[in-house]
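Undergrad: I have a structure I would like to understand better, so I am pasting it below and will then ask my questions one at a time.
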Amino acid sequence: MGPVGAEADENQTVEVKVEPYGPGHTTPRGELPPDPEPELIDSTKLVEVQVILILAYCSIILLGVVGNSLVIHVVIKFKSMRTVTNFFIANLAVADLLVNTLCLPFTLTYTLMGEWKMGPVLCHLVPYAQGLAVQVSTITLTVIALDRHRCIVYHLESKISKRISFLIIGLAWGISALLASPLAIFREYSLIEIIPDFEIVACTEKWPGEEKSVYGTVYSLSTLLILYVLPLGIISFSYTRIWSKLRNHVSPGAASDHYHQRRHKMTKMLVCVVVVFAVSWLPLHAFQLAVDIDSHVLDLKEYKLIFTVFHIIAMCSTFANPLLYGWMNSNYRKAFLSAFRCEQRLDAIHSEVSMTFKAKKNLEVKKNNGPTDSFSEATNV
């Protein structure tokens, strides 16, 4: 036996008290004990992961702020850009800009620090602002699709007036503010004890009643239906009919080749709109649905990292929208260039073509009262 066994009686129970040695403490022999291996490692605390997250969020913020600000600027500055469709696009840009400036910086900070250091006011405000902006964006995307469907499929010459468009925009914000209000009301800013004598400041949902999880699940599923499934169905239906109408339409006259090209460009843009909207939000919504169905998903080792990655993918739509609705349109391209050159006026890029079709309309109305011009005007933004 060793030295300890030699000094102790065989039938005597020896109680040995072991004192833990933390980092920086030495053993009786003056040695530093090895750091204990943690049972659960948060990947978002790794330096290389944090660098990637910072680059990703900063890129989204930069592209979103520049792109959305530019869209808003050209719609306000140039009179020829002040159309109903462009007002809706500018409203979409405002909502995305709200996410880029108010939500994403604090979301990044919360992810990197692991606790909420921004105080109780922002604890209630940031989630509400993000929910508000996302719902405004979704409603605006749906309104744009329905407006384009109304103009192109049904050849309606009398478009929505500017006054009505502002009313629709106001209703979109009002409805969204109401739908997002639970995110601000049922919120709690509190201290959470992770381990004894170690607390963190958290900003979490706090639903009323004994069955708190039920209320949260109902709201989450309702949001999924209202913000994703229903709008995606409406948008897909509208753009499918628009694409079919554009594909089957034949433009008579000398400018038919021009509108044949614009037809394919518009079809491509509309398909991109639906794909980006569906793909960017699908992972986050699917993951949230999995959490609602099975709460054990919260216990996943990399839950925080998975959620963050899906959130980044969803937020990519905030800078993709200006590209899809703005940069792929020739009028917006010219407006962007004029803004960079500090030009004070912007001539309509399709003015000559529009005049040609207006002249053709006068002749065609006399002959067969055809709807060609209403269709051609509807294809211009």
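Placement of Cβ uses the backbone N, Cα and C atoms for every residue, glycine included.
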Undergrad: With Swiss-Prot as the source, do THR44 and VAL84 lie on the same side of the membrane?
TA: no
Undergrad: So, in Swiss-Prot, which cysteine from CYS103, CYS123, CYS272 is disulfide-paired with CYS203?
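TA: Disulfide mapping in Swiss-Prot sends CYS203 to CYS123.
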Undergrad: Would you count the other C-beta atoms found within 10 angstroms of the C-beta of CYS203 (disulfide bond) for me?
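TA: A 10 Å sphere around the Cβ of CYS203 (disulfide bond) contains 21 other Cβ atoms.
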Undergrad: Which residues of the chain, 6 or more past the ends of the topological domain 'Extracellular' (290-304), have a CB below 8 A from one of its CBs?
TA: 40-44, 111, 213, 216-217, 220-221
Undergrad: Taking DSSP states H, G and I as helix and E and B as strand, how many residues of the topological domain 'Extracellular' (187-216) are helix, strand and coil?
TA: 5 helix, 17 strand, 8 coil
Undergrad: Does CYS123 (disulfide bond) have same-chain partners at least 6 apart in sequence with Cβ under 8 Å from its own Cβ, and which are they?
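TA: Result: TRP116, ARG187, TYR189, CYS203.
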Undergrad: Under a criterion of three or more Cβ pairs within a distance under 8 Å and sequence separation of at least 6, are the transmembrane segment (166-186) and the transmembrane segment (52-72) in contact?
TA: no
